[in-house]
Amino acid sequence: MAAKQKNYATETFTDPERIRNFCIIAHIDHGKSTLADRILQMSGVVEDRDMRDQYLDNMDIERERGITIKAQNVRLPWVPKTGAHAGEELVMHLIDTPGHVDFTYEVSRALEACEGCILLVDAAQGIEAQTLANLYLAMENDLEIIPVLNKIDLPAADPDKYALEIAHIIGCEPEDVLRVSGKTGEGVSELLDRVCELVPAPVGDADAPARAMIFDSVYDIYRGVVTYVRMMDGKLESRQKIQMMSTGATHETLEIGVVSPEPTKTKGLGVGEVGYIITGVKDVRQSKVGDTITWAVNGAETPLKGYQEPTPMVYSGLFPISADQYPDLREAIEKLQLNDASLTFEPETSVALGFGFRCGFLGLLHMEITRARLEREFDLDLISTAPSVVYRVVKEDGSEVMVRNPSDWPGGKMREIYEPIVKMTVIVPAEFLGATMELCQSKRGQMGGMDYLSEDRVELRYTMPLGEIIFDFFDQLKSRTKGYASLNYEEAGEQLADLVKVDILLQGDPVDAFSAIVHRENAHWYGNKMTVKLKELIPRQQFEVPVQAAIGSKIIARENIRALRKDVLSKCYGGDVSRKRKLLEKQKEGKKRMKAIGSVSVPQEAFVAALSTDAD
């Protein structure tokens, strides 16, 4: 490596003409973090000896699952060797975005902070549904789009075929699609030169009152909330009083700086720059993502175009396995919420599982990751109940109830029930088209249309109830398409539905943890599945236990757990049959009495196993 050059990017108040803000949009596993690693290395801000894979993914769980969850940002120096700006010292801000469907909200924030984006597509797989969704978001924001094929070093890569596919989608020429390899570094410097040439410089009024947009905030144990901002107008300096425009709260900036690639303190931030602000606030909800920061005195009048607050789509109960971990769970969720503004929670009690929390998530992956982080980072053992969505129930008297939890389902007659629906896009290889359409139909999907992206890849569009997707749709889709399908969905309002609440009764008593709201057609299937499952999982008692599934007072499925019997005749060697009968009658009476007063204890493992979704 050449002698280490001075990182001039750590100096702020750069002339906006020399700044380029861009992000990378890609599907999971298309090599975005690897490309970001190469960019960091080539610009010289990370020395080879400090390099580690997925440099920007700080959470263990991100590195382990190979996905990016939080948007990270880095400020880099770059001197292009080609193009109109060859030889100029430019400053680039790379904002790394997550690629998963649940985190579309995080992507939309990162896009607001950029003027251009690199559309990164795996040269062996082609464009995926979620990448398409994020690409349309970028187009809505009028970003300059630079199409790139990654992983051209792979033996299975077919860059010519996929260059045509991308050109067809975004309307460029196939030869405009750049070819790079994040792994070997081939083509990366040409890509950065192209970014400098095509991405427009940020525009803003340097003399106007400051307006900075928050696009992320993270919680640091030592310094409180670190807020990442993009300056639109004016400038911010340290030791300055600032105001959050949505809440009106005022703070003082204790430290202001840039990430290059470690946080570096600077004098302040000017137009078009991306950096961080620390105010010593301890609550992330004080610095809401999408909010505008301005000066507390003589500040801006109008805030920047904000975002929508993220709305939870999926709800699930989280309960500690041992009741004494409840305070720890509360503390842990509060700490996670500091970093994750889209997580909502409220206390909940369950007869079967004790005290816990009803949490709202953006989607299934968000739920899984939150649970994994709670268990790993805070050392908790948790049970999560089956996920559910929000239903709107209109009762007979016209009053409305929002049902987030099966136990809130109103009794009596109901006039109308509405369930949330989503518009879903699935991209599958043509050979799996039949199996995929069959699956979507079985989940009450209505087809909206289909397009062939190339001769062997099809895009399907469906409208489908969200409740059908959250359970095991994704797993089934992957297994029917050998893992080649990709899926994206966005909310699309609600529709009337014929839904019922199925209760699972043990010895005539409902167990709230197993209740579910399902479509009337699927009620028998769910009832049979749960009763059979519980029959296997609950240990046999001294008396017979009926396991029933019911809709209201109507029983729709039943299994019996046979009683354990002691052999009362073992001491009778021969003798009169009436003696044997007397002993058996006595045992029968005892069992009857036990059944009347006995209660069934359900072991923890049975809850965990019964609530875990499976493929059947």
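Every residue, even glycine, has its Cβ placed from backbone N, Cα and C.
Because the structure is a prediction, the values reported are computed rather than measured.
Swiss-Prot annotations:
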type	residues	note
DOMAIN	17-203	domain 'tr-type G'
BINDING	D29, H30, G31, K32, S33, T34, N150, K151, I152, D153	GTP binding site
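The most crowded of the binding-site residues listed here (S33, N150) is N150, judged by how many other CB atoms sit within 10 Å of its own CB. Listed in sequence order, the residues of the same chain lying 6 or more apart from I152 (GTP binding site) and placing their CB within less than 8 Å of its CB are A123, P159, R179, V180, S181, E186, G187. Taking a C-beta cut-off of under 8 angstroms and a sequence separation of 6 or more, G31 (GTP binding site) has the following same-chain neighbours: L120, D122, N150, K151, G182, K183.
According to its DSSP assignment, I152 (GTP binding site) is coil. For the domain 'tr-type G' (17-203), the model's average pLDDT works out to 75.
Classification of G31 (GTP binding site) by DSSP places it in coil, neither helical nor stranded.
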